[in-house]
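Listed in Swiss-Prot:
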type: ACT_SITE; residues: Ser83; note: active site, phosphoserine intermediate
type: BINDING; residues: Gly9, Pro10, Ser11, Gly12, Ala13, Gly14, Lys15, Thr16; note: ATP binding site
type: REGION; residues: 134-155; note: region 'Disordered'
Amino acid sequence: MSFVIWITGPSGAGKTTLANALYKKLESMGYRVELLDGDGVRRKLYPNLGFSEEERWMHNRVVVEMARRLSRNGIITIVSVVSPYRAWREYARKEIEKFVEVYPRCPLEVRMKRDPKGLYSKALRGEIKGLTGLDGEYEEPENPEVVVDTDKNDR
């Protein structure tokens, strides 16, 4: 039994927290499981990759392929990645046989308060532009298999 859990949302929504909790739970139950964190994949495989739309699309495709291969080899794969556009997530859904989309829904004010990477602070100071979910577009999933209101519980 293998499948891919694709957790998508803007920075601070709770993707990593949710992914880590799922990973620990599934591993403790004896399942073969891997966690692909978008930031971690980027850091390890191509640390100099930028954040243009084309570069983010390439990053998304790489993560899709990694998840597809892991799942095909019997490993439950948890993906934690922004993937801001519905079309990108639909691409993942088409490429991955057993795909579960999880949306950690969280209001902007809560994400800004959490600000785990300091991105919202930088954006508000004008140091970065186009932050997904602030002044950069994030298309909320229309029909995810799971929605978690992460503002209700920070852990």
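Cβ atoms here come from the backbone N, Cα and C positions, even for glycine.
Because the structure is a prediction, the values reported are computed rather than measured.
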The residue listed as 'active site, phosphoserine intermediate' and Lys15 (ATP binding site), distance between Cα atoms, whole Å: 11
Surrounding CB atoms that lie within 10 Å of the CB of Ser83 (active site, phosphoserine intermediate), all protein chains: 28
Count of other CB atoms lying within 10 Å of the CB belonging to Ala13 (ATP binding site): 26
Env. residues of ATP site, Cβ within 8 Å of mean position of Gly9, Pro10, Ser11, Gly12, Ala13, Gly14, Lys15, Thr16 Cβ: Val82, Pro104, Cys106, Arg111, Thr150
Which binding-site residues sit within 10 Å of Ser83 (active site, phosphoserine intermediate) - Cα, from Gly9, Pro10, Ser11, Gly12, Gly14, Thr16: Gly9, Pro10
Secondary structure content of the region 'Disordered' (134-155), with strand meaning DSSP E or B: 3 helix, 5 strand, 14 coil
